[in-house]
Amino acid sequence: MFKFNDEKGQLKCSFCGKTQDQVRKLVAGPGVYICDECIELCNEIIEEELGISEFVDFGEVPKPQEIRHILSDYVIGQERAKKALAVAVYNHYKRINSNETKEDEVELSKSNICLIGPTGSGKTLLAQTLARILNVPFAIADATSLTEAGYVGEDVENILLKLIQSADYDVEKAEKGIIYIDEIDKVARKSENPSITRDVSGEGVQQALLKILEGTVASVPPQGGRKHPHQELIQIDTGNILFIVGGAFDGIEQIVKNRMGEKVIGFGTDNAKLKEDETYLSRVVPEDLLKFGLIPEFIGRLPVIATLEQLDEAALVSILTEPKNALVKQYKRMLELDDVELEFEPTALIEIAKEAIERKTGARGLRSIIEQIMLEVMFEIPSRDDITKCIITEKAARGEEEPQLQLEDGSIIPIKTSA
């Protein structure tokens, strides 16, 4: 290695020997210096060695049918929403490619997406899976934690910081990522008329989100929190970031009914009401979102609206068993690591699905239900070497008995609960 400074007392790179006057930047470490050129060379060598690829080749974005097919590996049902998302995402990244090559004088505008569907219907999972398919940075934010600048709460710029962190602070990659904002219906204003008083967690948040949804160069504090004078800020262009917002929008079906001038007479079964609500939900238009409490400018920046249906019993059973990362497969694998086979009786899966529907948690609540059933099993099995199989029966799923354990000699015993 070279000395830290030459005869004239100038600092120099410990690797290539260039002085600080010969390079753009010299970074100091404990007893060592490295120049920007050597840093760049090191990065190239590491990328070559590890085979690090770019996040996504925008010239080869998967076709809508391919995107929907991959989504179906992880998300059960919701075909209408998957189609809408596949088309919107394909067009979004095709637009980025078109605007970057500048072959056409027509500049394509951005199509952010609004997902409307009940809790646990798969809104977040769809957004996460899209990001995984495209291998782009992804961040999730909760709209209820946001407030407009100057008030106690989280600034909207902190959403962008999460995306930058997801891209390992590579701003260029973050600028082509996906941000999912959940619970967007919770920032609807209380009435469709503009508010006279400040609504800092409702209409104020919508106003604050407008610029980043449309596309602007935002200044983001690198450590999060509020901006301070003399603080170095990260500049990020949001023009190519795809924003997906989601919410349950409870009660929007009634708004659609009123718009269509339809009245429901009499009392139907729960199933009939569910089907009826889903029919109206699929007919949501921007005018209905305005009535619900989103401001016109905000709705204008969400041109793609996709609706998701409430998951029924059959769909929840499929979610438990069919996807690549299905919960039943995960728990089977966990017990497999202890050399124990796990079996769920078909009727037990139906009971788990019924419980999720009763709790009104949809697919989101399935894991907590299984955790509750499996608690004693997962506590006991690691300490035993005579168990070969665990059976979850219908009664065990209902909480009426403990799961059954099969021993090496083939005998079946109930698990003993410990205090």
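Just so you know, glycine gets a Cβ as well, placed from its N, Cα and C.
Feature annotations, reproduced from Swiss-Prot:
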type    : residues                                                       : note
DOMAIN  : 1-54                                                           : domain 'ClpX-type ZB'
BINDING : CYS13, CYS16, CYS35, CYS38                                     : Zn(2+) binding site
BINDING : PRO118, THR119, GLY120, SER121, GLY122, LYS123, THR124, LEU125 : ATP binding site
Residues near CYS38 (Zn(2+) binding site) in space but at least six apart in sequence (CB under 8 A): CYS13, PHE15, CYS16
Separation of alpha carbons, CYS35 (Zn(2+) binding site) and GLY122 (ATP binding site) (Å): 48
Closest of PRO118, THR119, GLY120, LYS123, THR124 to CYS35 (Zn(2+) binding site), Cα positions, binding-site residues only: THR124
Chain-internal residues near THR124 (ATP binding site), provided their CB is under 8 angstroms and they sit 6+ positions away: ILE140, TYR180, ASP182, GLY246
Sorted by sequence, non-CYS13, CYS16, CYS35, CYS38 residues with Cβ within 8 Å of centre, Zn(2+): LYS12, SER14, PHE15, GLY17, LYS18, VAL23, LEU26, TYR33, ILE34, ASP36, GLU37, ILE39
Fewest other C-beta atoms within 10 angstroms, as judged across PRO118, GLY122, which are the binding-site residues: PRO118
Those binding-site residues listed as CYS35, THR119, LYS123, LEU125, and which of them has the most Cβ atoms within 10 Å of its own Cβ: LYS123
Any further residue of that chain within 8 Å (Cβ to the Cβ centroid of PRO118, THR119, GLY120, SER121, GLY122, LYS123, THR124, LEU125) of the recorded ATP site: GLY117, GLY246, LEU308, GLY362, ALA363, ARG364
Other CB atoms, at most 10 A from the CB of GLY120 (ATP binding site): 24
Cβ neighbour count (within 10 Å, all chains shown) around CYS16 (Zn(2+) binding site): 14
Those residues of the chain, 6+ apart, with a Cβ under 8 Å from that of SER121 (ATP binding site): GLN78, LEU308, GLU309, GLN310, LEU311, GLY362, ALA363
Cβ neighbour count (within 10 Å, all chains shown) around CYS13 (Zn(2+) binding site): 24
Where CYS35 (Zn(2+) binding site) sits in the secondary structure, as DSSP reduces it to three classes: strand
